[in-house]
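Participant: Quick one: the structure is below, and I'll ask about it shortly.
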Amino acid sequence: DQFDNLDKHTQWGIDFLEKYAKFVKERIEIEQNYAKQLRNLVKKYCPKRSPKDEEPRFTSCIAFFNILNELNDYAGQREVVAEEMGHRVYGELMRYSHDLKTERKMHLQEGRKAQQYLDMCWKQMDNSKKKFERECREAEKAQQSYERLDNDTNATKADVEKAKQQLNLRTHMADENKNEYAAQLQNFNGEQHKHYYIVIPQIYKQLQEMDERRTIKLSECYKGFADSERKVIPIISKCLEGMILAAKSVDEHRDSQLVIDCFKSGFEPPGDFPFEDYSQNIYRTISDGTISTPKQEGMRIDSKTTVGKAKGKLWLFGKKPKPQSPPLTPTSLYTSSTPNGSQYPIFSIEPVHYCMSDIKTGKPRIPSFRSLKRGYFCLQGPALEDFSHLPPEQRRKKLQQRIDELNRELQKETDQKDALIKMKDVYEKNPQMGDPGSLQPKLTETMSNMDRLRMEIHKNEAWLSEVEGKVAARSDRRHSSDINHLVTQGRESPEGSYTDDANQEVRGPPQQHAHPNEFDDEFEDDDPLPAIGHCKAIYPFDGHNEGTLAMKEGEVLYIIEEDKGDGWTRARRHNGEEGYVPTSYIDVTLEKNSKGA
């Protein structure tokens, strides 16, 4: 008798099934979006490197790339989870929900039909009952009318007979309705018993089985939902283990060694700067424990002061006599008389300093571009075939890489030659397979390529041997240069004539200097200075001033003297023309980082 409640319950079961299906669908969308975001994240941080990229692969970078690969695999497993849930859970739920709705509708229709049939039987029984009741009342009325006429003395016989016939008719109809009512009642009781004991229990049993199958299907979907996640746990665990192994593979010592190998230039550390004695032109008194000899060089002799008076003053420890001559000019010279009466130029500290300053300040000052970063990799010169623009160590690596590539190409050409020779032999033995002469041009080209590759390999091996020989001999050169530096330190001068031993000091003949450029010529050697590197012009320079060298943008020059700190570098063209160029206008590459090499 709870048909309506069962109708509501089965409808709630289907709604709950669809609600869980919607939950699974949203979970699938979350998994898909999560996997998509993970893949985008991996794609964002994965390096886009070309095959020719020679960037050092540090262990920390390799570990990070491995972690990205494992994370990409992890994202793939999340996609597997979403696909498995969509196929095994969501799709199955939607199909079963459709079937469940159809089955429920059928069972409910059968229940309603049974209920309608029982209601129809009840109405028939009720109608027959009402008709029997009505006929009984009519029969009672007919009997009362007959009895009243029969007892009435005034009633005629015909009226009495008519009332009797009417009574018999009504009694007969009441008996017929009674029999019909009894039959309808018996039929209704039978159908009602059948309805409540057979038909409705069967329909309810089918609804119960349907609802239990729905519950079982939900249980299976719950399990499938968890199994979809559990199936990928081993692979996800491997991904996580791969990340842990990548973290353990980080080696700080190896990374440091890669940095050393990448940036090691092979240059020697710069040597000690020699002492540059600018007091060589100042005549000094040879100290022998007495002050009998005046200090001729380094002091100015007043024209009013006698030689004997000058001998009485100790300039080395006392005050230097103030000059009485007019103010100095860049071209003024000082003369003094020797005991034999000859005159020679006396340079004090001020003229020499003034001349040296004039040499530096006589050149135009160029705006400084030193704010630009100028490291080793930024100051590479023009790419040469023998990589001579690179430091020794980097040059050796480049040459070795080129030799390996040439050897691989030579091996390919050799294999191709052997294949062509074998094919030619086959064609000669079996002319129907092909013409042997058709292979000769290709064979000749292959042999030519092999000869060219061998020459390239021989040339590069010669350069490599040269570099390795220089590297091997560097330590010996360094040792000898250190010894020579210790011997000559404090004795060399721009003219190369000063020594610590005053008895061996040799002075050149005095000359009259009328221009600071003539003073600068004394610091130049007769032989051209060796090139210590090369440079490339970043900007054009006109070089109008005397002593400068004009250059065009992109022009390559030899470096023969480094920047002394004044912003100028001495360079030389291929034709031998020399001069100073602004250091900030060029990219410099030094082959030997030792001063004055």
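Heads up, the Cβ atoms here are built off N, Cα and C, so glycines get one too.
So TrEMBL lists these for the protein:
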COILED    122-166  coiled coil
COILED    396-430  coiled coil
COMPBIAS  472-482  compositional bias 'Basic and acidic residues'
COMPBIAS  519-528  compositional bias 'Acidic residues'
DOMAIN    1-255  domain 'F-BAR'
DOMAIN    389-466  domain 'REM-1'
DOMAIN    530-591  domain 'SH3'
REGION    472-531  region 'Disordered'
Participant: At a C-beta cut-off of under 8 Å, are there same-chain residues at least 6 beyond the coiled coil (122-166) that contact it? List them, or none.
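Facilitator: Here the qualifying positions are 173-174, 176-178, 180-181, 183-185, 187-188, 192.
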Participant: Which residues, given as numbers and ranges, are at least 6 beyond the ends of the coiled coil (396-430) yet have a Cβ under 8 Å from it?
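Facilitator: For the coiled coil (396-430), the far contacts come to 266, 386-387, 390, 436, 439-440, 442-443, 446-447, 449-450, 453-454, 456-457, 460-461, 463-464, 467-468, 471.
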Participant: Mean pLDDT for the coiled coil (122-166), rounded to an integer?
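Facilitator: Here the mean pLDDT over the coiled coil (122-166) amounts to 86.
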